[in-house]
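Visitor: First the structure, which I've put down as structure tokens, then a few questions once you've had a look.
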């Protein structure tokens, strides 16, 4: 009778010689188009283990093992922008001459109105709620070009009789624990918050 350890070793050696790779990742296949051994496994088509996809590095084409070969041109996976670059460079070369001709033929403003030239430029950063700050033509902003005329002195949000005072001087309920003082009716001229906010908006 044969030693079981020796029998096991010989059987394992035979299996390794006869056994082909179990997964497609381990296979080194030749390209079916150019017969190059310079190939690699990429992925399984639709996650199906029976359809491994391979890539040939020499002819730069993909194929599925056991599948039909498509008529794909060599290097079809790469993008070449050389034609786009040449057309864009030729159009950019002709554009400076066109722009210089446009500058020569451009007419000055047909209606040179001094009132229009004195209007301030409407910078989009100076827009607040859709109204340009400092534009005197907007109704409701005739006084100094600010929104301070639109604010009521003691406007209050109704929160059960109390609420937040919008004049910026404090909270209506001093027990809020924030250390802010109670609004006093005679202290409206001494309110730094609304003037500070309006001055900040006007300086921009």
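Cβ atoms are placed via backbone N, Cα and C, with glycine included.
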Visitor: Among 1-25, 26-50, find the range that Swiss-Prot records as region 'Disordered'.
Guide: 1-25
Visitor: Can you give me the residues near the recorded Zn(2+) site, meaning same chain, not 31, 34, 56, 59 themselves, Cβ no more than 8 Å from the center of the site's Cβ atoms?
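Guide: Surrounding the site, in chain order, are 32, 33, 35, 36, 38, 39, 57, 58, 60, 61.
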Visitor: Please determine which of the binding-site residues listed here (31, 34, 56, 59) has the lowest count of neighbouring CB atoms within 10 Å.
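Guide: Minimum Cβ neighbour count within 10 Å, taken over the binding-site residues 31, 34, 56, 59, occurs at 34.
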